[in-house]
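Novice: Below: one structure in structure tokens.
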Amino acid sequence: MELKGVQPSNGSSNGSGNGATNAASTEKTDAEKPTAERTNWGNGLEFLMSCISVSVGLGNVWRFPFTAYENGGGAFLIPYIIVLFLIGKPMYYLEMIMGQFTSQGTVKIWSVVPGFVGVGYGQAFGTICIISYYSSLLALTLYYLFVSFQSELPWSYCRDEWTNCVNSRPQEYVDNLLTGVSLANESARNLSGIVANDETEKLQSSSELYFLNVVIKEKLDISDGVGDPDWKLTLALFVAWVVIFLVIMRGVKSSGKAAYFLALFPYVVLFVLLIRAVTLEGARDGILFFLEPQWGELLNPTVWKEAVVQCFFSLAVGSGPIIMFASYNRFDHGIYRDAMIVTTLDTLTSLLGGITIFAILGNLAHNLQIENIRDVVRSGTGLAFISYPDAISKFQAVPQLFSVLFFFMLFVLGIGSIVALQSTIVTIICDQFKGWKYWKVALTTSVCGFLMGLVYVTPGGQWILTLVDFYGGTYVVFILAIFELAGIVWVYGLQNFCDDIEFMCNRRVSLYWRVCWSFFTPVMMIIIFIYSMVTIEPIKYSELYFPEAANIAGWLLFAIGAAQFPLWGLWYISRHPQGTYWKSLKASLKPSDRWGPANPEIRREWVIFKNQKAAQRATQKDTSKLGFFWRKVANFCGSNK
């Protein structure tokens with residue numbers, strides 16, 4: 001592929017890669033015009049810490065343990081690690097490369113294949129959906145953090161009006177059990193519920209009733225609306241957004257400094273909780289329950305689907321933060337090392353978080369004299385705000401301290417993730433409108449985020465959270481990630497992409513990356529997405545089905561996100577006609593003049609490098625079929641010839 005728009009003065013050069021110094025043509029295209037220099041990270045460590053803070057987040061401590069438990073326990077680690085190496089790492093590295101190579105955000109990088117610009121806008125839509133409910137989780141976390149400073153944890157005892165309540169205090173739990181009360185094992189919703197011997201009245205733990213009746217004031221039917229926002233949660237939501245704005249207001253200059261704390265502090269707390277958890281009675285049973293493999297689950301396609309969903313959720317690929325962070329790197333930054341560190345650390349943290357959480361749940365089962373730990377595990381929001389508080393309230397020594405540490409850790413993890421997501425949206429807007437002040441865009445989007453989050457702090461908010469996460473987050477991000485990979489590797493071309501990497505990183509791309517990007521990663525993602533669509537079932541909240549109107553709204557949400565891809569593609573074609581529609585379509589699938597490194601000097605060297613590569617391949621061309629075959633194999637495998 002010979003590049004035009006910026007040509008070496010003599011048409012060729014004997015220099016190579018970054019060392020090329022030939023003068024370029026005096027005529028400048030749009031791609032060469034001076035642009036405002038992009039702010040860079042203070043140092044490479046800030047970038048690494050920022051990536052850790054977004055990838056090592058709530059998904060590791062909150063979502064991974066239950067996902068693993070639901071999908072084969074220890075056996076889930078096998079498909080998860082396979083998915084990590086065949087999908088997670090390749091997608092993570094690819095997004096890092098795209099961001100650093102172009103120094104552009106999620107939308108602007110699509111100068112590589114302009115007809116695919118809708119992928120960037122669709123990912124922005126999915127990111128907005130995730131931001132909208134993620135901030136409400138921070139509000140819940142802040143609420144529990146604040147009330148943990150009381151002399152007695154408020155969820156550890158029953159209110160007078162709760163006639164079906166059992167205190168979460170350790171001794172009183174035992175007293176109730178000894179008088180003939182047994183734990184119900186009917187559904188995930190009743191994880192802490194206890195049923196009397198005559199089973200005429202279901203009893204629930206005070207931690208569950210506190211969350212449902214005091215904190216979220218849960219509605220079991222949203223057909224008549226979701227209700228009004230709770231003022232306490234609204235205040236907590238406001239505080240969360242103030243913190244988010246303060247972190248992102250100066251771009252990477254402020255978020256880069258905060259990243260050290262956001263990335264490292266959770267590990268301090270996690271290790272403190274781990275040490276405390278493994279010393280609790282019953283912890284061993286909980287850990288074994290988490291790690292014990294259910295080998296039969298490996299043949300279940302749903303397990304592999306959940307491994308992919310968890311990998312995407314945990315690493316934050318497909319939604320833009322990795323591209324955005326990498327776009328603020330220096331062009332020659334060593335991202336290969338960072339990609340390997342973050343993806344490996346993410347997996348180890350998930351395992352560490354799972355061991356810690358199930359050690360605590362094992363202690364909870366021990367205190368309740370329950371043999372099957374399955375009965376104390378709850379999915380979704382309930383795991384963080386019912387099971388964990390219930391277990392912490394039974395700590396014999398200073399439960400308030402461990403409660404404060406735990407919820408502060410969750411808050412920091414959540415801030416690290418949402419800061420990256422919010423910065424992605426701000427970067428997209430600032431890339432599009434160069435003259436706009438970053439802090440003003442950050443303030444405006446933060447206000448919008450707060451207003452969107454109000455619906456989630458209503459009595460029916462958990463219903464909306466489940467709906468938006470399912471339709472607007474998971475599936476929108478997943479399908480657009482497939483188009484993202486296809487656009488870069490199949491449309492722009494694997495060889496072109498690998499040449500760009502070689503120029504930027506000064507190293508050939510190994511066979512592992514080439515095989516994953518061109519075959520394993522896209523094929524696995526397509527198969528899993530099709531399977532997910534074929535086997536999709538109506539979603540439920542707390543064992544209750546959503547109203548039909550809610551499901552229609554959910555599918556509409558998915559359609560809006562997915563439709564960004566074709567609609568923006570058609571928009572580009574209509575704005576750049578090339579005579580016939582077919583010619584316009586073909587032109588939209590070729591790189592625009594703006595594709596390439598943002599720095600004009602580096603761009604000129606890159607054009608020389610690419611033209612040299614094209615010339616080398618032309619001279620190596622063999623007319624025989626066998627020679628042609630071996631040349632293609634050599635190029636695919638990364639041969640230096």
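Here the Cβ of each residue, glycine as well, is placed from N, Cα and C on the backbone.
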Novice: From Asn10, Asn190, name the one Swiss-Prot lists as N-linked glycosylation site.
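Specialist: The residue tagged N-linked glycosylation site by Swiss-Prot is Asn190.
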Novice: Return the stretch with the most CB pairs under 8 A relative to the transmembrane segment (401-421), choosing among 229-249, 258-278, 307-327, 516-536.
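Specialist: Most Cβ pairs under 8 Å with the transmembrane segment (401-421) come from 258-278.
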Novice: If you count Cβ pairs under 8 Å, which stretch among 74-94, 258-278, 307-327 touches the transmembrane segment (516-536) the most?
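Specialist: Per the Cβ under 8 Å count, 74-94.
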Novice: What same-chain residues lie close to the transmembrane segment (552-572): Cβ under 8 Å, and 6 or more beyond its ends?
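Specialist: Distant contacts of the transmembrane segment (552-572): 114-119, 121-122, 125-126, 129, 467-468, 470-472, 475-476, 479-480, 483, 539, 546, 588.
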Novice: Hey, which of 41-61, 111-131, 258-278, 307-327, 474-494 has the most Cβ-Cβ pairs under 8 Å against the transmembrane segment (341-361)?
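Specialist: Comparing 41-61, 111-131, 258-278, 307-327, 474-494: 41-61 has the most Cβ pairs near the transmembrane segment (341-361).
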